Amino acid sequence: MLIDKYGRVVDYLRISVTQRCNFRCRYCMPTTPFSWTPKENLLTFEELFLFVKVAIDEGVKKIRITGGEPLVRKDLDVFIKMISDYKPDIDLALTTNGFMLPHFAKRLKDAGLKRINMSLDTLNEQKAKFIAQKSVLHEVLAGFEAALDAGLKVKINTVALKGFNDDELVNLLEFAKFRNSQIRFIEYMENSHAKEDLKGLKSDEILKIISQKYNVTKDEKLPNAPASIYRLDDGYKFGIIDPHKHDFCESCNRIRLSAEGLLIPCLYFEDALSIKKAVANGDIVAASEILRQVLANKPKENKWALGAENETSSRAFYQTGG
């Protein structure tokens, strides 16, 4: 079992398999010219899988595949099957923008994937084009339906932005509700690599908008979950992720592995260690020791929760993994 110095059980591993993405979302990607980490510098699926086995054997019970956009990496379903075959009852999930799901949803399900979190910030084609910087909405919505048809559980992630989709929050909630999917509204997380003068809505502003149509009641927060849960009178539940609040970190159970092999204890801290050499050499003992070292580096709270309201991440989110 993995337990950090604050007594939190860490049983959730988020793995970024690529930095690359087929979107250029304004709140994620840099506005200035940048280059991807060369493919030859990324961990192979075999190297990633070696660390996955170490993590599972140490007590990890949940794995989420992220990017970039994970589906742009070739043979992702093969990697998912490797994990599923090793630990069939592992909680195995994927975060995606949904664009490529019409082609991959069934293959992912057959490989052992159980759940998908899908980004959907708007139901308006022009707004979607503005955020992603390409026409995407038709394919994204088709991907949502393809995932449901394949038998995957789908949760929607919506970044709530002032003057952009604040007039759509109720429509997005109803879109998810009528399709028996949960939606989570995410406060915009500032990072120094994506500056578009975007302003996020705070959790109380999101609740105020939804409460104009629905009676909203605070529900019990799920253990280790980052989202605060709210319930409508008909029983439908939705979430709000607010990383600025103190309790966002108090039960954090996750660590992150970047595509190039950096094991990261927290999205907003830079105390990462590389497992690249260990897994390239097939050194399970060294990989396990690095895992323990990173666990020891895991902070009690992120910088926002510590009071740094204007803090931004110095590492771009597409590099760390969503």
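One is the number of the first residue shown, and numbering goes on along the chain from there.
Just so you know, glycine gets a Cβ as well, placed from its N, Cα and C.
Over in Swiss-Prot, the protein carries these features:
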DOMAIN    5-226  domain 'Radical SAM core'
BINDING   R14, R64, T95, K155, R254, I255, R256  GTP binding site
BINDING   C21, C25, C28  [4Fe-4S] cluster 1 binding site
BINDING   Y27, G68, S119, M189  S-adenosyl-L-methionine binding site
BINDING   C249, C252, C266  [4Fe-4S] cluster 2 binding site
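Where Swiss-Prot records a feature, it is marked here on the structure.
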residue	record	CB count, 10 Å
R14	GTP binding site	21
C21	[4Fe-4S] cluster 1 binding site	21
C25	[4Fe-4S] cluster 1 binding site	20
Y27	S-adenosyl-L-methionine binding site	20
G68	S-adenosyl-L-methionine binding site	26
K155	GTP binding site	17
M189	S-adenosyl-L-methionine binding site	20
C249	[4Fe-4S] cluster 2 binding site	21
R254	GTP binding site	20
I255	GTP binding site	25
Message: I'd like to know which of the binding-site residues C21, C25, Y27, M189, C266 sit within 10 A of I255 (GTP binding site) at the Cα level.
response: C266
- request: Quick one: pull the CA-CA distance for R64 (GTP binding site) versus C28 ([4Fe-4S] cluster 1 binding site), whole Å only.
  value: 19
Field: Residue among binding-site residues T95, S119, M189, C252, R254 with Cα closest to the Cα of C25 ([4Fe-4S] cluster 1 binding site)
entry: S119
Query: Looking at the binding-site residues Y27, G68, K155, C249, R254, whose Cα is closest in space to that of C21 ([4Fe-4S] cluster 1 binding site)?
result: G68
For the domain 'Radical SAM core' (5-226), the mean pLDDT of the predicted model: 93
Query: Within 10 Å of the Cβ of S119 (S-adenosyl-L-methionine binding site), how many other Cβ atoms can be counted across all chains shown?
result: 22
- prompt: binding-site residues C28, M189, R254, R256: which have a Cα within 10 Å of C266 ([4Fe-4S] cluster 2 binding site)?
  reply: R254, R256
- prompt: 10 Å Cβ neighbour count around C266 ([4Fe-4S] cluster 2 binding site)?
  reply: 23
Query: Going by DSSP, is K155 (GTP binding site) part of a helix, a strand, or coil?
result: strand
- request: Specify the secondary structure state of C21 ([4Fe-4S] cluster 1 binding site) as given by DSSP, simplified to three classes.
  value: coil
Message: Quick check for you: of the binding-site residues R14, T95, M189, C249, R256, which have their Cα within 10 Å of the Cα of C28 ([4Fe-4S] cluster 1 binding site)?
response: M189
